[in-house]
Ligand SMILES: Nc1ncnc2c1ncn2[C@@H]1O[C@H](COP(=O)(O)OP(=O)(O)O)[C@@H](O)[C@H]1O
Ligand SMILES: Nc1ccn([C@@H]2O[C@H](COP(=O)(O)O)[C@@H](O)[C@H]2O)c(=O)n1
């Protein structure tokens, strides 16, 4: 039995396909009960003390929007296979949900989020670093559809947010973090060869 968990960090721009890749890996291994996905987005700072109008104005693509201290504390525990009580996030309300999720120690933790490679304290805790590299026009189209269908947004709000914060922050923080990746996956979840390679690596860890 492994003493420490292996943490696989999956970064990349918004709507690049991080969640899709993480889910494919999780689905493949879910029978083992040894793998768990952690979303960095669940560690956005709690904003319940602000009004909805104030929350909308937050720059969600800046490192300061996240409670990275809490994420690092939880990752250290997960590394030692200790249980954590993870916050969960509500994109429609722009704040933490009331519910938390208890996560027991696992052999493999898949951590996905835009700042996983850009945040040094998070990056250093990951054993395998992956960057999902999808063109920005494709990411924008995917995000537009997803945010309207799943995150309660309007066409105008998605476009405004993209131009005001998502695109400039991507250029300032996310894209430059690609240099820290061990593996770069073009096009995300539809890159079956890359996903298969990651599965093989995880399988070798789970079967140890
Ligand atoms: N290869 C793909 N082709 C078409 N749509 C995709 C593809 N990969 C992801 N999507 C869709 O794009 C949106 C963003 O993908 P997701 O995996 O959640 O990205 P991320 O986690 O990087 O934000 C989702 O609605 C998802 O269903
Ligand atoms: N209240 C929020 C919180 C986050 N976002 C956006 O989510 C993006 C990160 O999630 P992905 O699944 O797309 O990687 C990030 O770009 C934030 O702009 C938001 O819109 N509202």
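Every residue, even glycine, has its Cβ placed from backbone N, Cα and C.
TrEMBL entries are annotated by machine, without manual review.
According to TrEMBL, the protein carries these features:
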- 12, 13, 14, 15, 16, 17, 18, 19: ATP binding site (BINDING)
- 7-193: domain 'Phosphoribulokinase/uridine kinase' (DOMAIN)
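Features as recorded by TrEMBL, highlighted on the structure.
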residue	record	contacts (Cβ under 8 Å, 6+ apart)
12	ATP binding site	18, 114, 130, 131, 132, 133, 134, 174, 185, 188
13	ATP binding site	114, 132, 134, 136, 139, 170, 174, 175
14	ATP binding site	61, 114, 139, 143, 166, 170
15	ATP binding site	134, 139, 140, 142, 143, 146
16	ATP binding site	132, 133, 134, 139, 188
17	ATP binding site	132, 134, 185, 187, 188, 189, 190
19	ATP binding site	39, 112
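Cβ-based neighbour count (10 Å, all protein chains) for residue 18 (ATP binding site) stands at 30. In sequence order, 114, 132, 134, 139, 142, 188 are the same-chain residues whose CB sits within 8 A of the CB centroid of 12, 13, 14, 15, 16, 17, 18, 19, the residues recorded for ATP being left out. Closeness to ligand 2 is met by 14, 15, these being the binding-site residues among 12, 13, 14, 15, 16, 17 whose Cβ falls under 6 Å from the molecule.
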